[in-house]
C-alpha cells in the first residue's frame, strides 16, 4: 500500500502544487488521480517515485518511508509510463523494454527474452522487436512504454497521462488492454489523467483533485457518480453522470421478452401468436437465431417468410444480455427506430427484446435497490469487457 | 616539349603530391579533433548550467570573427612559423562550430525521454552517456561536417607563414613559377578532399544512428523537426541580449 500522509509541495515562487494531501492507495488495484490542469495530480505522482520531493509530509510504501531507500533503487521498483511514451529513440524496441532488467544486472539474453515475452503481453507483434521507435505508430509506442514499465515486474506502476496523446479509438483499445493486463498481473497502479471518462472507465478508486492541489473526493467511480461530494466534483463529472452511472448496473435484471421474436420462416399462425404478445413490432431472426430486423405485425400477417428482408427496419446495435450494462441496453433502445433494444447471447443469437419503458423500470429499481443496500455492487468482473 | 605535369610538385615544397595531401588532411583534422575533445565537456557544462551558454557562445563567436591572418601574426612570436601556428586558430574555429552543435543536440533530447530515464533509475552520468550523448550524435556530426569543410579550406592560408599551408603552398608556387596548373591542382584537390571527408562523416553518421528515419516521408518529417531547432537557438540568443 502507498500511503500519502499530509503531503504538501510548495515551490520557491510561492505556488502550492499540492496542499496537505492524504491518500491511501490500495494494493493490486487502479487508483486514478483526476482533475483540471494545475490541480497537482502529476506532482503527486512524481512525488511517489521522488522525481519531486515534498515540502512537508511523507509517503510510505508498505509501511516504510520512501526516503529510506536509495532513490534509484526505489525508482527501479516502480514502472513509469508517460505521455508520448518517452521511448529511447536510439534503441530498438526490444532494448527499450529490456532497459530496467539490464540495469538490475540481468544478462542480455535473459533481458531480451523477457522483453519479447512482454511484447506479447501488451499486444505487440514480436516482428517489431528489432525496429526503432520512429517506425512505430503512436499507439504502438505507448504499448512499448507500458511493456518497458512492466519489464522488471515492479509491484507498482505509475502512469502519467499515458494515453492522452493518441486518438480516441486507439486510446480506448489501450485502456481495454490495460484493464486486461491488470486482471492478469494485479499491480498497484497510480494513474493520472485529466479525462474523467477515462478515470471512470479504468479506475477502481478515483481521487478527484481541484486547483490548488487539494483533494475534492476519493471514492470508487460508482459512488462518485451517485453521490459527488460537492459542486466542484459534480461539475467536473459533467451533465450526463446519471447516464454514465448506468455503466455500473448490470443488464441481468432486465425482463427480456421472447414473444415478439419470430424466425424468418415462421408461418402466418406463428406471426399471429407473436402479434398477440402485444409488441408494436416483431423482430425477425435468421435460421441461427441472429437478428435480421423489425417488421410491423400487419406487414407480416401473411407469414414471416413472405416479408422481403430488405424492407425490414434496422435493429441497430444489439447488447450482450447480462454481460453489458444497463447503459448499453438503454443506448441500444434509444438508437433503435422502434424504441426496443435487442439482447443477444454469446453466440450472437437473439436472447429477447426489451422496451425503453422496461429498461426505465429496471433503472428505477436498480436505483431503489442501491438506496437500500448502500453503494451498488460494481460490475467489476466485466470492466474489461465494458471498455472494449 | 611540354612543361611540368599536373601532379609535378616544385622541389621547394620538399614533398610529393600525396605527401601534401596527407599533410593537408593532418593539419585540418587535428584541430577538429582537439576542438571536439574540448567542445564535449564545455558543451556539457553549458547544458548543465544554462547561464553559461550565452557568454560562451558570445566569446567563441567573437573569436570566430578574428581573421586567421591576425591569429598568425599574434601567434608567430610564441609558436614560430610552424604547423602549430596554423592549427591553433583552426582549433578555435572548430570549437565555435562544435559547441552549439553539441548543446543543440543534447537539448533536442525530448523532455519525456529524460524524465523516463530518470524515472527508470538512471543516474546523471548514465543519463549523459547512455541517453543524451547518443541522441546528440546526429547534431554533433552535422557540426563536424561544417567544421571539417571549413578547416580543410582554411589550412591553405598557412602558406602565408612560410609554406605551412600544405596544398595551399601550391598557390604561392603557381605565382612563383608561373604555373597556373598548380593553382588549379590546389583548388581541385582541396575541394575533392572536402567532399570525400564529408561523405565519410555522413557514412559514419549512418553507421552510428541506425535509429534515424532514413527515407521518404519519415526523413522529411525528421528534417522538419530538426529545422525547428535553430529557431530555438535564435530565441535563446535574443534572450541573452
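Glycine too: its Cβ is placed from the backbone N, Cα and C atoms.
TrEMBL labels come from automatic prediction, so no person has curated them.
According to TrEMBL, the feature domain 'ABC transmembrane type-1' maps to B:21-205.
Annotation comment: TrEMBL describes B:28-49 (among others) as transmembrane segment.
Annotated transmembrane segment per TrEMBL: B:56-76 (among others), in sequence order.
Residues 27-28, 30-32, 34-36, 38-40, 42-44, 46-47, 53, 56-57, 60-61, 63-64, 66, 68, 71-72, 75-76, 136, 139-140, 142-144, 146-147, 150-151, 154-155, 157-158, 161, 164-165, 233 of the same chain, all 6+ positions outside the transmembrane segment (B:82-103), place their C-beta atoms under 8 angstroms from a C-beta of that stretch. Annotated transmembrane segment per TrEMBL: B:82-103 (among others), in sequence order.
Taken from TrEMBL, the feature transmembrane segment covers B:135-162 (among others). Outside the transmembrane segment (B:135-162) by six or more residues, the chain places 24-25, 27-29, 31-32, 35-36, 68-69, 72, 76, 81, 83, 85-86, 89-90, 93-94, 97-98, 100-102, 104-106, 108-109, 113, 168-169, 171-172, 186, 190, 193-194, 197-198, 201-202, 204-205, 208-209, 212, 226, 229 with a CB less than 8 A from a CB of the stretch.
Within its own chain, the transmembrane segment (B:182-204) is flanked in space by residues 6-7, 10, 17, 21, 24-25, 28-29, 141, 144-145, 148-149, 152-153, 156, 167-168, 170-171, 173-174, which lie at least six positions past its ends and keep a Cβ under 8 Å from the stretch. Among the features that TrEMBL reports, transmembrane segment is placed at B:182-204 (among others).
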Long-range Cβ neighbours of the transmembrane segment (B:56-76) (under 8 Å; 6 or more residues past either end): 42, 46, 85-86, 88-90, 92-93, 95-96, 99-100, 154, 157-158, 160-161, 237, 240
Tertiary contacts of the transmembrane segment (B:28-49), as residues 6+ beyond its ends and Cβ separation under 8 Å: 56, 87-88, 90-95, 97-99, 101-103, 106-107, 128, 132, 140, 144, 147-148, 151-152, 154-155, 193, 197
